[in-house]
Amino acid sequence: MTDTYFGNRTRVTEFILIGFLNPFEVQVTLFMLFFIVFLVTVVGNSVIIVLTCSDYRLQSPMYFFLRNLSIIEILITVTVVPKMMENFLSERKTISFYGCLAQSYFYFLLGTTEYVLLAVMSYDRYVAVCSPLHYSNIMRKKVCMWLVVASWLCGFFSILVPTVMKLQLPFCGPNTINHFFCDSAPLLHLACADIRLLEFIDFIISLPILLGSLLLTVFSYFYIICAIIRTPSATGKQKAFSTCASHFTVVTIGYGTSVFIYVRPSQTNSMNLNKVASLLTTAFTPMLNPFIFSLRNQKVKEALTDLVSKCVGAHGLGLNSRRV
């Protein structure tokens with residue numbers, strides 16, 4: 001849909017999200033699949049948030065950062081997946097102009113914040129393994145709070161300028177985005193203007209954030225591995241490794257897909273491959289993170305067991321009182 005823009009040009013008022021082109025029966029199946037993914041993501045990450053807020057065993061900086069990561073994962077999923085699910089069942093797979101820009105802004109704000117936070121978490125693991133005697137002094141509560149705030153501010157300011165520039169672009173048609181959400185590259189290529197400067201700015205911003213935070217993570221894990229190798233006892237090595245394995249798994253998936261998708265000067269090719277890779281960061285990684293961080297973590301498993309026992313006990317108490 002378009003309306004008058006200026007002269008003989010028209011301005012796009014909505015975009016069409018192509019998503020994945022499949023027969024309607026397949027679209028219904030995909031809707032059910034991603035509905036389950038959405039529920040598991042929200043419930044799983046909400047459980048992590050509740051546990052790290054309420055259980056006394058999960059009050060260290062590591063779990064404080066994990067709680068914030070779970071909040072980001074829920075928000076990323078809410079930003080992208082519901083609209084994608086709606087379009088699976090819709091004949092007109094549309095999104096409004098400002099809705100599209102808002103979705104793009106919040107997706108990249110949350111994504112950038114997440115990668116900075118993952119780098120912060122790698123530093124936390126470095127201090128825990130390499131300087132355990134000074135850990136409580138270095139990773140004080142106030143320091144952790146400021147690190148999380150800095151992660152959000154980094155995401156906010158890095159995405160603000162490109163988003164303002166996108167608002168100034170003329171979109172006069174076509175209005176079809178070859179993606180399941182308003183990703184930056186396919187959106188930019190619909191503008192009726194020279195986008196090379198904005199593409200370059202996107203690249204310049206994504207390069208230091210992704211590769212800079214990745215570099216910090218690589219250095220942290222380099223020293224962590226050196227410290228683990230120097231640990232004389234097998235029990236000590238196992239304990240040190242178990243505190244880092246979950247975070248390392250999430251970092252590998254997250255950075256691998258994002259470097260593949262975004263850290264390239266031109267992103268016009270392999271769009272279908274980009275869509276599949278984007279599903280990892282928008283749907284499946286947020287769903288898997290609670291399991292990755294809990295299945296290998298004894299404290300989280302104990303806290304979850306206690307929470308389930310309390311809930312079952314309270315439910316049983318309620319049934320007994322009603323019978324009486």
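Every residue gets a Cβ built from N, Cα and C, even glycine.
TrEMBL annotations:
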TRANSMEM  30-52  transmembrane segment
DOMAIN    44-293  domain 'G-protein coupled receptors family 1 profile'
TRANSMEM  64-85  transmembrane segment
TRANSMEM  105-123  transmembrane segment
TRANSMEM  143-161  transmembrane segment
TRANSMEM  203-229  transmembrane segment
TRANSMEM  241-264  transmembrane segment
TRANSMEM  276-295  transmembrane segment
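The stretch in closest packing with the transmembrane segment (64-85), judged by the count of Cβ pairs under 8 Å and taken from 30-52, 105-123, 143-161, 203-229, is 30-52.
When each of 30-52, 105-123, 143-161 is scored by its Cβ pairs under 8 Å to the transmembrane segment (203-229), the top-ranked stretch turns out to be 105-123.
Counting same-chain residues at least six beyond the ends of the transmembrane segment (105-123), those with a Cβ under 8 angstroms from any Cβ of the stretch are 62, 65-66, 68-69, 72-73, 75-76, 79-80, 147-148, 150-152, 154-156, 158-159, 163, 181-184, 209-210, 212-214, 216-217, 220-221, 247, 250-251, 254-255, 258, 281-282.
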